[in-house]
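Feature annotations, reproduced from Swiss-Prot:
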- 166-173, 191-195, 213-216, 293-296, 324-326: GTP binding site (BINDING)
- SER173, THR193: Mg(2+) binding site (BINDING)
- 1-159: domain 'Obg' (DOMAIN)
- 160-343: domain 'OBG-type G' (DOMAIN)
Amino acid sequence: MKFVDEAEIQVIAGNGGDGCVSFRREKFIPLGGPDGGDGGDGGSVWLVADENLNTLVDFRHERIFKAQRGVNGMGQQMYGKAGQDKIISVPIGTVVINVQTDEVIGDMVRHGDRLLVAKGGTGGLGNMHFKSSINRAPRQARPGELGEERTLKLELKLLADIGMLGFPNVGKSTFIRAVSAATPKVADYPFTTLYPNLGVVKIEAYSSFVIADVPGLIEGAADGVGLGTQFLRHLQRTKLLLHMVDISATADAYGNEKVGVGLLPIEQVRKLEIELERHDPALLDKPRWLVLNKADLMPQEDAQDLAEALIAELHWTAPWYLVSAVSREGTWPIMKSAMTLFEHQREVAAEQSVSSR
């Protein structure tokens, strides 16, 4: 299935039914009076978060959604039937934006979340409401109100605990295959991952979390180069960022880069930090661990020396790991440490919740 994380739709609520002008007509009752019923309310349009969906691809084929109009009122004080609501299922993590005002009107973060995006019109009043001492036979009724109409932009931000980021071909997809049941496409060329992949990592029988493999970023991602802004926003909800670097990207004796992703390890770190800061400085405040991958492409001692030199040059103080995603060596300790971090984050959040009461 193609991954689609943006869509624009039009939602149209149903108009209210018109009120009825009618008079009671029965034998032996010459002056029955008005008995026109009210029109039914128009149906509304709702968005509902559905955990079974993970893409907005369906909205590429259907963009206009209409709720039913309310039925007109009838004689004998019969009210019109209300129009049926229109329910639109969206993936968890969908942000809803009013295109006309550019206002965020909703954020669907839990399964079953409901959001009213277009309210149906109220049904019109029948003529029975307009009877008075001076107007015993009103021929007046009100039409139903118009339903709301909006154009909405839907943006999907993946709900993942861990977001993996790095330049193309550093081994993110291989890593997610190593630690989860996900099977993203893997090959030895850049941009293998064209859409974000999600994997579930199970630590114990009842302990698991979600990891997102975001497509490789390139310079200018914050400006939209290579669909960068679409991919970067998937990192905003994560609790931890794993910054993957190809440690095998070295230079020859003349200083020419000859293997790896085309950037030296220190450049991979610094250039990506620039993109994160330009897109959303808050991303740099998230816990971010360095994962130095492809250690299997050189002797173990050389890989360790390169890693320690890089950490020293970066003045890196956060956790870092030297791994081989292909052989899975060193990958599991990262996952265990991540689970420990998440448990600590939950404890802190619980304490803050209690203290704020």
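Using the three backbone atoms N, Cα and C, a Cβ is placed for every residue, glycine included.
DSSP gives SER173 (Mg(2+) binding site) a helix state.
Considering only the binding-site residues LYS172, LYS294, the Cβ with the fewest other Cβ atoms within 10 Å is that of LYS294. Annotation note: SER324 (GTP binding site) sits in a strand segment as assigned by DSSP. DSSP assigns LYS294 (GTP binding site) to coil, not to a helix or a strand.
In the structure shown, across all protein chains, SER173 is the one of the binding-site residues ASN169, SER173 with the greatest number of other Cβ atoms within 10 Å. A gap of 12 Å separates the Cα atoms of SER173 (Mg(2+) binding site) and SER324 (GTP binding site).
Taking a C-beta cut-off of under 8 angstroms and a sequence separation of 6 or more, SER324 (GTP binding site) has the following same-chain neighbours: ASN293, LYS294, ALA295, ASP296, GLY330.
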